[in-house]
Each structure stands twice: as C-alpha cells, then as structure tokens.
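Enquirer: The structure is given below, and queries will be raised subsequently.
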Amino acid sequence: MGGRIQSVTTIFVIILVLLGTACDAQLSSTFYDTTCPNALSTIRTTIRTAVSKERRMAASLVRLHFHDCFVQGCDASILLDDSPPTIVSEKGALPNNNSVRGFEVIDQAKAAVEKVCPGVFSCADIVAVAARDASFAVGGPSWVVKLGRRDSTTASITLANADLPLASDDLNTLISRFSNKGFSAKEMVTLSGAHTIGQARCVTFRNRIYGNTSDIDAGFASTRQRGCPSLINNDNNKKLSPLDLVTPNSFDNNYFKNLIQKKGLLQSDQVLFSGGSTDSFVSEYSKNPTTFKSDFAAAMIKMGDISPLTGSAGIIRKICSAIN
C-alpha cells in the first residue's frame, strides 16, 4: 500500500514539475519587469526617433515582425546575416531581397537596451515591441506585447521563399498561406490592412498597372504609371510608390476604401475585394475604422505567438545580426 502511495505521489510531483515548466515557457507581458524594467521605454524612444526621421519606417518595422514570424516563428531569424556554411540569410529570399528593411533601427534599439540590461532582452522581443510602437507612432493601434521569446541560432531561406506571401498571389493562395500559420481568412484581410502605410517597389505592381484588366481603376493605373515606367531595368524596378496614395503615412482604413474603388496597388491587395469570399470583410473595415484597428491589434498579438522559442530553447543574441 505504501509503495502505491509513493508511486502516486511521485507521479503527482512529476505532473506539477511539467506544468511548472509549461507555465515558465509561456510568453508574458511582465517577463522583463524585474530583469529589465526600463527596456520597453528604451525601445519606444528609439522607435519614435526613427519614425520621426522617416515615416515609412513604421511600415517597415511592422512588416519586419510579420516576415520574421512567418518563417520559423517569431525568433529573430530574419535578422541573421550570412554565415557560411551554417547560415544562409533569409534576407536574400525573394519576398525579402531589397525589400525588407529596418534592421538598423532594431540594432539601435538592441544597443540601447544592452546598455541598461546587458544580455537579457532578446532580439525577437525587440522586433515584436518595435512593430507595436511603430504602429502607434503613425496613428495605428497599440497592444500589449507578450514577451519572453528567445533568439534562433538558425535561419531558413527555403522557408522564407515558401511561406511568405508574394505580391502576385491570388486569393486562394493567400488564404492558404495564412491558414498554414493558424489565421482565418478574415484575420488575413485584417493583417493585410497594414498596407495602409508603406511603399512598394515598381517591380511588384508593374504588371497590374499595365495589364489593362477590369479589376483596376483606369485613372488610378494611369497615375501609378507615371511613377513606374514600363521599361524594365534595375533603376525602374526599385522606384517606390505609396501603397495608399490618400494618407500614405497614417494608419487608417483607407486601404480598404481603395480596394472597393479598384485602387489596390498590389494584385495581392485587390484580390481581397474581387467578388470572392473576403469581400464582406473589406466592406466591414472600410466602414468601421475602429473595428479594423481593434481586430488588427488582436491579430498582431496572435501573430506574435507563432512558434516562439522560450525557456532554455534558443539564445539571447548580443548582436541581432549574428550568433555570438
């Protein structure tokens, strides 16, 4: 009898230990309250300064978080530079090459945080916090960022090429890509609303504005052609145009209004309102900016939960671009 009681007690203790370990591995908004209480204000100052110098940086930092989380999870793998033969940087992937930016701002935030609490705050958490602060800096929503991510020691250009959306994606492809990460079609539309700020390169929308298709406003196409010549060369490909011509530097719901008017710049934008299953979501957000911002904040929190490294997994990188 005593042996049975001892066995039950042992099992109970093991369960408690496992539960404790699971709890320790969860992200929490208070994760650094004791170890680095000034980190969030330090990061916020860096992001505000960067966005005040260049409003476009807000969109870049939100996108950086997205492109990090969709590849291997929110682990700062996108920040790693090439380190042959072990690391082939995700920065060279088709959706990222000459496109994803803001790395220097993350480096500045990391350096500032290292001064107040060295070796404590992860690069992955800085990327997540920076996206929130960048959104708020241009009139977008804020949200409570859950913290406690650790940094990856690997990157995957293969997954970056496979998992990240492309400007040419059709609706079914977009729904599938987001579904693979646990998002509904509505959440996909919500997150796409980040295109209310930022700019796109000519190469990503040239085919759309010169295609003479029925899903683009003729006047809008003509206007965009002035900033994106039909002649294909490296200089023209790199020319930039605002995703939203009306309020390109303000986080609002004009993106959805544009889609209803057939003025989506990217093909992957316009397909969200093209007679398909997501039309109703676009219509809803075009009429209710408050609902859009609330849903966007919730979707960003959910995105930050994609496969984080926690507990003893991963490392805390001293320099975000390298394993050190």
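Including glycine, each Cβ sits where the backbone N, Cα and C put it.
So TrEMBL says this about it:
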| type | residues | note |
| --- | --- | --- |
| SIGNAL | 1-25 | signal peptide |
| DOMAIN | 26-324 | domain 'Plant heme peroxidase family profile' |
| DISULFID | Cys36-Cys117 | disulfide bond |
| BINDING | Asp68, Val71, Gly73, Asp75, Ser77, Glu90 | Ca(2+) 1 binding site |
| DISULFID | Cys69-Cys74 | disulfide bond |
| DISULFID | Cys123-Cys320 | disulfide bond |
| BINDING | Thr196, Asp244, Thr247, Asp252 | Ca(2+) 2 binding site |
| DISULFID | Cys202-Cys228 | disulfide bond |
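Thinking about packing and proximity, how do these listed features fit into the structure?
Expert: Sequence-distant neighbours of Asp68 (Ca(2+) 1 binding site) (same chain, 6+ residues apart, CB-CB distance under 8 A): Cys74, Asp75, Ala76, Ser77, Ile78, Leu79, Ala124, Val127.
The number of other Cβ atoms within 10 Å of the Cβ belonging to Cys74 (disulfide bond), over all protein chains shown, comes to 28.
Counting every protein chain shown, 30 other Cβ atoms lie within 10 Å of the Cβ of Cys123 (disulfide bond).
Residues near Cys228 (disulfide bond) in space but far in sequence (CB under 8 A, at least 6 apart, same chain), listed by position: Cys202, Phe205, Arg206, Ile209, Asn236, Lys239, Ser241.
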Enquirer: Using all protein chains in view, find how many other C-beta atoms are within 10 Å of the C-beta of Gly73 (Ca(2+) 1 binding site).
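Expert: The answer is 19 other Cβ atoms.
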Enquirer: Which one is it: of the recorded positions Cys117, Cys123, Thr196, Asp252, whose Cα lies the shortest distance from the Cα of Gly73 (Ca(2+) 1 binding site)?
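Expert: Sorting the recorded positions by distance from Gly73 (Ca(2+) 1 binding site), the top entry is Cys123.
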Enquirer: Can you grab the distance from Val71 (Ca(2+) 1 binding site) over to Cys123 (disulfide bond)? Cα atoms, rounded to a whole Å.
Expert: 15
Enquirer: Rounded to a whole number, how many Å is the Cα of Cys69 (disulfide bond) away from the Cα of Glu90 (Ca(2+) 1 binding site)?
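Expert: Cys69 (disulfide bond) to Glu90 (Ca(2+) 1 binding site), Cα-Cα distance: 12 Å.
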